[in-house]
Amino acid sequence: MIHSHFFAHLSRLKLINRWPLMRNVRTENVSEHSLQVAMVAHALALIKNARFAGNLNPERIALMAVYHDASEVLTGDLPTPVKYYNAQIAHEYKKIEKIAQHKLIEMLPEELRSAYAPLIDEHQHSEAETAIVKQADALCAYLKCLEELSAGNNEFLTAKARLEKTLAQRRSQEMDYFMEVFVPSFSLSLDEISQESL
């Protein structure tokens, strides 16, 4: 039987810190971020289906979100200002991500590749699925900014402003719902969210 390094690689996502050029009150790794993106993407898909006549598979979208940054175990987490410095760098980095996604898929035993490829290879996602995962990704980065700012870390002010523009570009009814219903709690203390829950 062959051995696969696929999950050994993925387990190292917890060693890759996000926001590497910024001071963080609490560091966030890619593994944690991926879990939060999966939870938010799942919620966005459910909201779209329940409130706005969507026809998405929330569980599939959650799994796509789990793997949305998996290629970073091979590429690292390139800071956003570098990744999008200009169109040429952004284009070349997309090509690198695609190669890394395919390398991850090739690490799997042959009989599992067809099951994982649609989750890891973003080119196999529908436009609607991609939109939900990208919304969730931006929302989670925005929530990180809110948490850092609530802890007194003004290092995240510019990132928050940039992400507000990104969220406006990716705006949808399900995102508006999520922002209105769930996001305000992220600026509250544990005591405040605990009191309202009782």
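Cβ from N, Cα, C; glycine included.
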Substrate site partner of Arg18, Trp19, His33, Asp69, Asp77, Leu78, Pro79, Thr80 (as recorded in Swiss-Prot), chosen from Asp137, Asp176: Asp137
Rounded Cα separation (Å) that holds between Asp137 (substrate binding site) and Asp69 (divalent metal cation binding site): 10
Fewest other Cβ within 10 angstroms of its own Cβ, chosen from the binding-site residues Arg18, His33, His68: Arg18
Segment-level pLDDT (mean, integer) for the domain 'HD' (30-142): 94
